[in-house]
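The domain 'Protein kinase' feature in TrEMBL is assigned to 134-390. The ATP binding site annotation in TrEMBL covers Lys144, Lys163, Glu261, Asn262, Asp278. Marked as active site, proton acceptor by TrEMBL: Asp257. Summarising the annotation, TrEMBL assigns SUMO2 cross-link to Lys259.
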Amino acid sequence: MSIFQSVYSQMSDTNSFWQTDEFSNYHTKGKPYIFEGSLSFFYNNEWKENQLVKLSKSTIYFSEQPGVLVSSKIKWCLVSSFIEETSLKTIYGFTISLSSTIIQDFYTESSQSLDHWLMFLSQVSIMTTLQEDYVVIKEIDSGKFGTVYLCQDIITHEEYAMKKIFKKDFKNIKYLNQIFNEIAILRKLDHKNIIKLYKVYEDEKTICLILEYVQYGNMLKRILKKKKMHEKQVMHFARSFFEVLEYIHSKGIIHRDLKLENILMTSNIEDSEFKLADFGLACYIDKSFKSKSGSPGYMAPEILRGSPYSTKVDIFSAGIIIFILLTGTSPFVDTTTQKIIEKNTKCRINFMGNECKTMSDLAVGFVMEILRSEPTYRPTAQQALNHPWIKYKKSCDLEFTTLSPYTADKVTFSKVADNLLV
């Protein structure tokens, strides 16, 4: 059985595809449509010819008569297309399956109309015709939760990344929730620096996510080659990165797994051009949330201590990333994962070490602020964007040897650092 259908059946107690509501205007329900078109189908044993049907981000619906709305919630439902050849003409259409027994066929006016409907339905539902739509070129990467392939659209020849996950690998409900999480959140987000999810497919054995293809590897591979970045490049990157965080936090979302591996590079030359990826551990803001999620060495101390946390955990992880880019090393580097976690929890960061000597005072001050152990004193993404170090790049393009110090002297930083260590 489809994993998505099984989840839908748990969420819904209906045994009918269509539900009737008395609303004069669907917009009063707060769900404007993303597409509309003419469809033919059976409804209550009556043939509806070229009925105007609308599609929202979760629902397909039409008006049977003034004041009466007929709708069906199709989020997470399976969609498959069909073509029927007759002696008179070719018939085009698609099927939406709420479950193995609740199914509705729709017929379109032409193949072009079918393509339009499928394009928008793929933003809402789960598709089933992967092999008809894409061809796999090569394997790009593999990990704990699946394998990523480079694939090509059979019609347009555009290249995409295909994340293939085998259902047999879902050992418990937690892994399944991560897949649902990633799909739901990526469908909600639309930002130039966030990886785009185009379609989701399911068959008997696998779930496949069709994602934007970013060809220049991740930030970890980039920094391993360069050892560290020039501060000016890091400053450009930091501004874009905190703009992304400000955006996702404004949507009520915490990423929870910010690290170098999840930053994909969109340029082979510019180190500040990227896409943020892997939202499998992302969650919606909940003041009582205490779940320990993230990667050792990047996690905010409050997560490791089992305390409730907020969007400030992403700020801390961003601080670790920027520290590594500026110095070429992690503040919690050690020989074992357990030792890294212990250092990460204590959060004792030496800002007076040799690795920080090449950083400007403004940069040191910025990193110290976003890596504060106590989240109350850690800035928000918006506040970070107003820091002098971040704003400096907008006002001039001078070499960093001319930067004015952020504080009076290094002694001031030493005192602040001592306070951060308690």
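Placement of Cβ uses the backbone N, Cα and C atoms for every residue, glycine included.
All annotation found in TrEMBL is predicted automatically rather than curated by experts.
For the recorded ATP site, residues Lys144, Lys163, Glu261, Asn262, Asp278 set the reference point as the centre of their Cβ atoms, and the other residues of that chain within 8 Å of it by Cβ are Gly143, Phe145, Asp257, Ala277, Gly280. Proximity note: of the listed binding-site residues (Lys144, Lys163, Asp278), Asp278 have a CA within 10 Å of the CA of Asp257 (active site, proton acceptor), given in sequence order.
Here ATP is bound by Lys144, Lys163, Glu261, Asn262, Asp278 per the record. The longest Cα to Cα distance in that group is 16 Å. Of the listed recorded positions, namely Lys144, Lys163, Lys259, the sparsest CB environment within 10 A is found at Lys144.
Of the recorded residues, Lys163 (ATP binding site) and Lys259 (SUMO2 cross-link) place their C-alpha atoms 19 Å from one another. There are 22 other CB atoms within 10 A of the CB of Asp278 (ATP binding site), with all protein chains counted.
Around Glu261 (ATP binding site), taking its Cβ as the centre, 18 other Cβ atoms fall within 10 Å, counting all chains. Secondary structure at the residue listed as 'SUMO2 cross-link', taken from DSSP and collapsed to helix, strand or coil, is coil. Comparing Lys144 (ATP binding site) with Lys259 (SUMO2 cross-link), their Cα atoms are 16 Å apart once rounded. Summarising model confidence by region, the domain 'Protein kinase' (134-390) averages a pLDDT of 93. Here Asp278 (ATP binding site) is positioned 10 angstrom away from Lys259 (SUMO2 cross-link), judged by their C-alpha atoms. When the recorded positions Asp257, Asn262 are scored by other C-beta atoms within 10 Å, Asn262 scores highest. Secondary structure at Lys163 (ATP binding site), taken from DSSP and collapsed to helix, strand or coil, is strand.
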